[in-house]
Amino acid sequence: MGIQFGSFDDICGTAALVICPLVGTAQGIEPSCYSRNVEVGGTLIFQPSTCFIHIVAIIMTAIMIFHIRSKYTAVGRKEIVMFFYMYTVIELLAIFLDSNIIPTANASYAWFAAIYTGLVAAAYCCLLINGFVGFQFAEDGTPTSLWLLRIACLVVFGVSFFISIATFKGFAGFKYSKPIALWIIYILWPLVCAAVYIVSQLVLVFRTLQDRWPIGDIIFGTAFFTVGNVLLFAFGTTICNAIKHYIDGLFFFTLCILLSVMMVYKYWDSITREDLEFSVGSKAAVWEVKDPLLSSGLDYSEEDTVSNYHGGGVAPSLVGGVSGQQLYQKGGMSTRGYPPSDRY
């Protein structure tokens, strides 16, 4: 299959995308092969296997959001969680659009498809900006950082939504027969954002971190994203015909995007550490004295009320001959919750 700039003819002929019934011609572009439909309660459900992946994606994203929100002191927590919230809404909308619960012939389909397109573009914008949070151009979690992210995503969403609905409806100089602007925000923009995010994170790891294991998460995430697009746009029809229409390329694309999003979480989790001093959890930190010289013959019971003011006892700032500051330094924790070698 050849991909022509600004044209969805070949793309929609292979992949059953959300926007395909609204571009190309007045009746849209129908793929040459698509997944079998199932009837549930008198209603035809399109792409049932893909809808199952959408449901799994929502569940998995909810779990990831819970774990991100539980890391109270992690760097970039508020910024990255916004990306996962947007991905959740996208998957929820995709269930209704892919399954034909909102029929393509319905007047509301074009508006929901435009919202979906705007959210996809905004989500990639959010991922792009999160790629620069680690460089600390603006302190993460501050109103400056958060509002810059929100405003940028809102602007991208608004522009993408307007271009989409104008292309679908054919006004303001846009035509569904020549959807060049829509092609840029739907096909080209995600590729650019993903590429910039990957490069920025590789630079971050090589320049600021001594641990190289996070590179594996980046490689796996890139591989899933690449394989998903190749299976959708290059082998979608071949897969559909080989499996007798039970699943198509859209199923594998949705699955690979879910896996790549999970690797984004895994990567972020691997480069952040929780600050034990400020963490809130069910398990309390337990300090165990390993040196027998510090533990032998010493009794720190609550009944010991002898004052050390005039005696030769231990100074209030010392515990077993080691100061609290020294204990903190031995623990290897920084003020932001990173080991000194892993801070960025």
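Just so you know, the numbers here start at 1 and follow the chain as drawn.
The backbone N, Cα and C atoms fix where each Cβ goes, glycine too.
Long-range contacts of the transmembrane segment (44-68) within the same chain, counting only residues at least 6 positions beyond its ends with a Cβ under 8 Å from a Cβ of the stretch, are 16, 34-38, 74, 77, 80-81, 84-85, 87-88, 91-92, 94-95, 98-101, 246-248, 250-251, 254-255, 258, 261-262, 265, 268-269. Feature annotation from TrEMBL assigns transmembrane segment to 44-68 (among others).
Annotated transmembrane segment per TrEMBL: 80-97 (among others), in sequence order.
Taken from TrEMBL, the feature transmembrane segment covers 109-135 (among others). Counting residues 6+ beyond its ends, the transmembrane segment (109-135) has Cβ neighbours under 8 Å at 18-19, 21-22, 75-76, 79-80, 82-83, 86-87, 89-90, 93-94, 96-97, 102-103, 145, 148-149, 152-154, 156-161, 164-165, 168-169, 182, 185-186, 189-190, 193-194, 196-197, 200-201, 204, 208, 264, 271, 344 in the same chain.
Residues or ranges marked as transmembrane segment by TrEMBL: 147-168 (among others). Sequence-remote contacts of a segment are chain residues at least 6 beyond its ends whose Cβ falls under 8 Å from one of its Cβ atoms, and for the transmembrane segment (147-168) they are 19, 22-23, 79, 82, 86, 110-111, 113-115, 117-123, 125-126, 129-130, 138, 174-176, 179, 181-182, 185.
Annotation source TrEMBL lists transmembrane segment at 180-206 (among others). Within its own chain, the transmembrane segment (180-206) has Cβ neighbours under 8 Å at 3, 5-8, 11, 19, 23, 117, 120-121, 124-125, 127-128, 130-132, 134-135, 159-160, 163-164, 167, 174, 212, 214-215, 218, 221-222, 225, 267, 271, 344, counting only residues six or more beyond its boundaries.
Residues or ranges marked as transmembrane segment in TrEMBL: 218-239 (among others).
Summarising the annotation, TrEMBL assigns transmembrane segment to 245-265 (among others).
Through the fold, the transmembrane segment (80-97) approaches residues 18, 51, 54-55, 57-58, 61-62, 64-65, 68-69, 109, 112-113, 115-116, 119-120, 122-123, 126-127, 130, 133, 149-150, 153, 254, 261, 264-265, 268 of its own chain, all at least 6 residues removed from its boundaries and within a Cβ separation under 8 Å.
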